[in-house]
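According to Swiss-Prot, the protein has these features:
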{"type": "ACT_SITE", "residues": "His221", "note": "active site"}
{"type": "BINDING", "residues": "Ala123, Asn191", "note": "NAD(+) binding site"}
Amino acid sequence: MFRIGIVGAGAIGKEIARAIDNGTVPAKLEAIYDRDTAEATSFAASLKSKPRVLPLEELVEASNFVVEAAAQSAVREVAIAALSRSRSVMIMSVGALADKELLETIRTMAKEHCCSIYLPSGAIGGLDAVKAASICKIDSVTITTRKPRDGLRGAPFIVRNNIDVDSMDEPTEIFSGPAAVAIKEFPANVNVAASLSLVGIGFERTLVRVVVDPTIKRNIHEISVRGEFGELHTVVENVPARSNPKTSFLAALSAIATLRQVCEPLKIGT
């Protein structure tokens, strides 16, 4: 049985932990780590499995599968700690992998230590189709992210440019550019663009549009892909996570589904 250690006790980390704790994922929740030890301890105590709250190094030693659900800034430390000890790792903060050096480092480590790196689809649909389409030529990939004010409030791009989202009373596009830039400007909002870039045409050629839309209550991701295979258009209207409006509930469900697939012998999907 997999012994899973979760790094990060935020909205997504907690949803994943609950899914393991209630048996949705057939594994053991071994340990939790968060910079806020008090929060992690309180949350762990609320679970029936009573996982231990451990420092990162001890969590990795105690587990045989590690989940990063913290932040882009934590990915390097968590992934290297896990892979160096031959632990497979699932990365939720996929935007960190826009760093080519980091991506190549962890790929090499995974090969050397005979383990795997898992990147869930997140809050978008159609990733399997894009992965299949990438076998031939893809001409263009565009993702348009529409979020209510609270879903984008505080993003570095908004703060640096003094954008007042509260003054917007109609849908307003505030950013259009390559995924490589979008991921840095909106690190808590467009991780889906990173997953899409990795399976498609890369971070520089994937176009990201960000729209503040005060008329909606959901996080909407629209994807358009054109290539030799034909055309793909998907729209997903996501309910925000209960404790973090910047995160979609589907992102947590995607992580849970990935863990279930890791634990099960039957693998479905491209």
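Even glycines carry a Cβ here, placed using N, Cα and C.
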Packing count at the residue listed as 'active site' (other Cβ atoms within 10 Å of its Cβ): 26
Secondary structure of Ala123 (NAD(+) binding site) (DSSP, helix/strand/coil): coil
